[in-house]
Amino acid sequence: MDIRSTDTSLLTWTGDTLALGLPEGAIEIAGELAELNDKLGGNLGDLISETEFEGKLGSSAATRLGGGPIRKLILVGLGKTADFDLQTLRLAAAAIARLAKQQKSQALAISLPVVGDQSATAGAITEGLLLATHQDTRFKSTKEEKGAKLETVELLGLGEQASAIAKSEQICSGVILARELVNAPANTVTPLTMAETAEQIAAEYGLSLNILEQEECESLGMGAFLGVAKASDIPPKFLHLIYKPQGTPKRKLAIVGKSLTFDSGGLNIKGAGSGIETMKMDMGGGAATLGAAKAIAQLQPEVEVHFICPATENMISGRAMHPGDILTASNGKTIEVNNTDAEGRLTLADGLVFAEKLEVDAIVDLATLTGACVIALGDDIAGLWSSDESLAAQIQEAAKLAGEKFWPMPLEEKYFEGMKSQIADMKNTGPRPGGSITAALFLKQFINNTPWLHLDIAGPVWSDKENGVNNSGATGFPVRTLVNWVMANN
């Protein structure tokens, strides 16, 4: 899809399909809309009245106009003017893209209000278009593409914004990579595949890559990570991908993503009704980490970023860790495994220790960590825990810019009492109440002084149905937040 911005107004544009975004309220055909209505032979007014279109958020209407200067007309509602933000533009662009597909449009022009500035507006619209039109059909034997495809999109009245559009295309390439990694089944994406993906990113964009094999992980004392990996016939891969700017970096950051390419639960096996068939998505944190790496490598900020993915499976075999085993993490702390299905935090423990040894300025980890977080916050909102208020504020600002939702959660130290072990330093799970909080408190034991933030993304990494800029399946959450955070440190 070729997306470009232009000074052309909606009154002078001619072509296949014109899409307008209109705010909520009684829509008056006056001024520019009156001129457009005249140009379209009264069809704009007819469409508004016949469909009772009032501009409510999520509403839309479309019609074919015949053989005039514009052949199809699309209207989308933007909601209340006071609530306009960049996410309004993304959602409007996504709705327009889907309607244009239904109308079999090949050339599309979009007229939406400016939010912030023209550059930010063009970028947000581009994101909405690209993310809504992405369809992962790799595993279909018969492709469902029929008829015309959307080939060109003009963003009207925004002037030349090629740089902003290119930036959004680069960010979306990372989101799409994350989506496709999560969408793929566990017999396609394994720890080896994760390593190959990291190699491709490193080769294409000039990043450094260090893949720690099992023996190297053993030499570093990564007993928690390797305890999870023991049962799988596929060897673990501890991935360390590094982006460095050409000059002196302004900051050094680390992103650590949980990378369980399949989670059977281990000997505490996931039973009927547990959603075991969806556990290909348990590497959503690692997928987003690699997606962010791909985007950041293209954007080239003056920030050094370390992307860390402890990749393995959690399987069942004669070698599997047992409930009751004691593991020693790479910082020397001992863990009594009272549930083998709380394995993600074990892999992250060694990932966090590794990250802190790099002497970075801040560490963010992200993981599909707990069902408890989904119960608390639902499918659309991720949980956020942090030891540092400034870092938490940075991530929340980055998320707001991306239109991705997080909710700050407490690190209630009292709850860690339930994770204390009589024979080790800690257990890997606590009592059922506050399960997402105790999981975050567990991770906190593997950070000393570096500002640290944990994201539990178990809900938003997947959507069972079309939702905003996402189609059903993997969402690529929260690649755009991570990228915005890194760029804000630039």
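Numbering starts at 1 and runs along the chain as it is shown here.
For all residues, glycine too, the Cβ spot is worked out from N, Cα and C.
On a predicted model such as this, the values are computed, not experimentally measured, just so you know.
The secondary structure of LYS258 (Mn(2+) 2 binding site), as reduced to three states from DSSP, is coil rather than helix or strand. The Cβ of LYS258 (Mn(2+) 2 binding site) lies under 8 Å from the Cβ of ASP282, MET283, GLY284, GLY285, GLY286, PRO310, GLY344, THR347, LEU348, ASP365, LEU366, ALA367, THR368, LEU369, each of which sits 6+ residues away along the same chain. Here Swiss-Prot flags LYS258, ASP263, ASP282, GLU343 as Mn(2+) 2 binding site.
Cβ neighbours within 10 Å of ASP263 (Mn(2+) 2 binding site), excluding its own Cβ and spanning all shown chains: 26. The Mn(2+) 1 binding site feature in Swiss-Prot is assigned to ASP263, ASP341, GLU343.
Marked as active site by Swiss-Prot: LYS270 (among others). In the three-state DSSP reading, LYS270 (active site) counts as coil. With a 10 A radius on its CB, LYS270 (active site) counts 17 other CB atoms from all the protein chains.
The active site annotation in Swiss-Prot covers ARG345 (among others). With a cut-off of 8 Å between CB atoms and residues at least 6 apart in sequence, the same chain places ALA367, LEU369, ASN428, ALA439, PHE442, LEU443 near ARG345 (active site), listed in sequence order. Under the DSSP three-state reduction, ARG345 (active site) is assigned to helix.
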Proximal but sequence-remote residues of the same chain as ASP341 (Mn(2+) 1 binding site) (Cβ under 8 Å, at least 6 apart): ASP263, GLY265, GLY266, ASN268, ILE269, LYS270, ASN314
Other same-chain residues whose Cβ falls within 8 Å of the Cβ centroid of LYS258, ASP263, ASP282, GLU343, the recorded Mn(2+) 2 site, in sequence order: VAL228, LEU260, MET279, MET283, ASN314, GLY344, THR347, ALA367, THR368
Residue among binding-site residues ASP282, GLU343 with least C-beta crowding, 10 angstrom cut-off: ASP282
Residues close to Mn(2+) 1 site centre defined by ASP263, ASP341, GLU343, Cβ within 8 Å: VAL228, LEU260, SER264, GLY265, GLY266, ASN268, LYS270, ASP282, ASN314, THR340, ALA342, GLY344
